[in-house]
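Summarising the annotation, Swiss-Prot assigns repeat 'ANK 1' to 122-151. Residues or ranges marked as repeat 'ANK 2' in Swiss-Prot: 155-185. Swiss-Prot lists 216-245 with the feature repeat 'ANK 3'. Sequence annotations record features per position, and here Swiss-Prot assigns repeat 'ANK 4' to 249-275. For 279-317, the entry in Swiss-Prot reads repeat 'ANK 5'. As annotated by Swiss-Prot, repeat 'ANK 6' applies to 321-350. Among the features that Swiss-Prot reports, repeat 'ANK 7' is placed at 351-382. Annotation source Swiss-Prot lists repeat 'ANK 8' at 384-413. Marked as repeat 'ANK 9' by Swiss-Prot: 423-452. Among the features that Swiss-Prot reports, repeat 'ANK 10' is placed at 456-485.
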Amino acid sequence: MHKDTKLLDEIKNIKSKLKSGKPAVAPKPTPKQIKAWEETHKSHLNLDTKNSSISVPPPMPDHVLLQTSKTLSVSTLPNIKFNTINQAKFLKAIEDYDLDKIKELISSNTIKIDSFGKRGKLGKTPLQYAIINDKPELAKLLIDAGANINVKTQNGRNLFELAMYNSASDQTFELLLKTNININSMDLRALSRLHNKLFSILLKPANDINTTIGKFNRTLLHQAAERNNIKKAQISINHNINVEAQDITGETALHMLKTSKMAKILLKAGSNTEAQNKLGRTPLHNAILQANKRQVNIKNIHNIVLKLIKSGANPNAVDYYGFTPLEYAIRINDSKIFKLLIKNNAKFKKNRYELFCQALESGNLTATKYLFKKEFLNNINDKNGQNYLYYIATGGNKEVLEYLVKKNHDNGKKILTQFVDKQRNTPIHIAAQNGQFEIIKNFQKLGFDINARNADGETVLHILARAQNGEMIKELIKLGADINIKNKIGKTALDKVEEDFKGISKKISNKQLQELFEESNIIARTGRIEDETKYLYQYRQDGYYKNIEREGNRGRSATLLVPEVNISLFFTGIGLLYNANDSTIRHFMPHDFWTDNARRTEDFFNMRLDNKKFVQTHSKEKFLKTYKNFLKDNPQKDYNEIIANLYPKGLIGIALQNDDLEHKLYALEAKYYVSEKYNMDLPMTIVKNKKLIP
């Protein structure tokens with residue numbers, strides 16, 4: 001193709017400038033930039049130059065110095081005979097931790113002690129560098145020499161915060177405590193990270209201990225409760241922190257309990273057990289809902305619930321959704337909490353049959369037994385037109401089903417097998433939609449017809465074929481499911497499978513996938529069903545099939561795997577062809593592609609390109625071309641924006657700073673490389689890593 005000569009000329013021009021040593025010209029500052037610098041360092045510009053202890057301001061950028069030199073009196077500036085060579089030596093000595101050289105250069109009075117180091121080296125003032133790297137001796141030397149102790153980073157962190165975030169030693173903190181640093185400006189989020197001794201020291205009356213921080217407007221007590229830091233919570237309470245303070249969601253520290261010990265401390269300090277957040281939930285509601293989260297110590301949750309109830313928490317409090325703690329205990333299937341609430345006079349706020357159905361849906365056997373009444377088995381439908389069999393099929397707890405079958409033995413099997421919903425789905429259809437294979441087997445034993453059709457003429461096999469659930473298809477065929485039954489549009493379950501494979505083939509147009517499709521087509525036509533379903537199961541072994549199973553498959557088969565979209569099948573096909581590992585696919589769910597969360601999409605492709613097996617199987621060029629064509633058909637995303645993130649991590653960053661010739665050169669080379677290799681136009685970007693060109 002025709003080379004971009006203009007781009008090549010610009011690259012050559014920059015290289016010649018770098019070779020000749022000609023410095024980059026700094027951009028002209030705006031009046032706003034000049035004013036901002038003057039305001040920041042106003043105190044330094046009015047120093048008494050006779051005072052031997054001079055605090056030198058951070059370096060005035062050259063372009064600012066030129067603009068302000070006409071208005072500033074020479075007598076107001078520090079009396080320093082600045083030497084650029086000595087300044088370079090000073091910064092080098094800081095990096096090398098050469099204390100003797102540093103002392104020598106400071107005494108020469110030819111350096112700016114608060115000067116920022118060159119980008120890529122220090123990137124901060126020498127004192128900030130000393131604090132971040134935990135070098136207390138160097139920090140003391142610089143402070144004694146007049147370094148600015150109130151200097152802040154670009155994101156507003158002072159020296160104390162830098163020490164906290166970088167886990168500095170006690171010596172560094174002790175040094176900072178002896179200075180007159182402004183602690184009032186400290187970020188309380190950083191303060192909460194301190195170990196308890198320093199945390200206690202810094203909570204001085206000058207600080208407003210009830211100051212809220214972060215986007216949720218939380219106090220130190222909120223943070224201590226959330227992290228279960230007992231000592232910090234006690235110290236905060238001893239300093240008269242407001243235990244009833246609410247964050248932006250209306251939650252107090254008591255809503256964030258992790259252990260009963262924290263509950264004891266907060267309750268002793270007067271925390272209100274009836275405080276409600278913006279969803280109307282009390283600390284008891286929140287504690288019970290915690291039990292439904294992964295990686296939670298369920299014993300701790302039980303102890304918290306017990307502690308709250310003993311302290312007077314209302315077990316019948318209703319949130320804005322109309323739920324009581326008892327109903328949440330039923331929904332999360334926690335029998336111990338359910339029994340504890342019943343023992344402490346928890347009442348039903350809803351219809352008993354409705355709660356009974358909730359217990360069935362969550363598979364809560366204890367609640368099912370407690371709520372059961374004989375008349376519930378007389379085929380009663382709830383307000384949604386469903387009866388108890390629907391909820392058993394959804395919940396999938398065979399012990400619950402066995403219990404109700406025993407209770408229903410007088411009525412026989414006829415009532416059990418009569419139920420259909422508005423779409424004429426039987427409990428077997430519903431169980432298949434939710435991936436509940438064991439319940440399907442139990443229903444069949446009770447006399448349900450495994451080949452029953454719904455209003456669309458579909459059997460359970462049609463549903464499983466649409467969900468790409470090959471393992472269940474295989475097992476149901478063994479149980480007698482008929483593969484030749486057609487739905488109302490004349491399609492069998494195997495016809496549905498073929499349609500899905502054709503959809504993938506059209507999207508990717510890859511020879512390997514086409515061969516696999518043809519092979520599966522032959523297998524299907526010859527009737528070797530076990531081989532066909534085995535292939536389907538292997539096809540789903542990329543991790544996505546397992547993910548659906550783990551999530552209960554509720555509703556996802558209908559929304560994510562419909563043939564009109566085929567997005568999930570497209571990316572799953574890529575996973576199969578390129579031998580991606582399970583973790584890569586599990587990090588990428590197709591519906592995220594259509595949301596604003598482009599980051600996960602970009603991360604997916606970064607991981608894909610880092611995958612050695614993928615690189616060995618398929619070239620980057622062909623993959624990028626495939627992806628580019630796909631995005632052209634789906635203009636919801638700007639392909640240039642995402643393509644810029646398709647390279648291995650660390651190559652290309654976010655924005656180009658035109659005053660840096662080296663970075664500009666790398667960015668231009670990147671632009672040229674992409675235009676030549678992929679016939680694409682990359683946005684101008686700054687390169688994080690100089691090893692750009694492969």
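Note: Cβ is positioned from N, Cα and C throughout, glycine not excepted.
When averaged over the repeat 'ANK 6' (321-350), pLDDT in the model lands at 86. Sequence-distant contacts of the repeat 'ANK 5' (279-317) (same chain, six or more residues past either end, CB-CB distance under 8 Å): 249-252, 254-260, 263-264, 267, 271, 273, 323-326, 328-329, 331-332, 334, 336-337, 340-341, 344-347, 349. Residues 216, 219, 221-222, 224-228, 230, 233-234, 237, 243, 281-284, 286-287, 290, 300, 303-304, 306-308, 311-314, 317 of the same chain sit 6 or more residues outside the repeat 'ANK 4' (249-275) yet have a Cβ under 8 Å from a Cβ within it.
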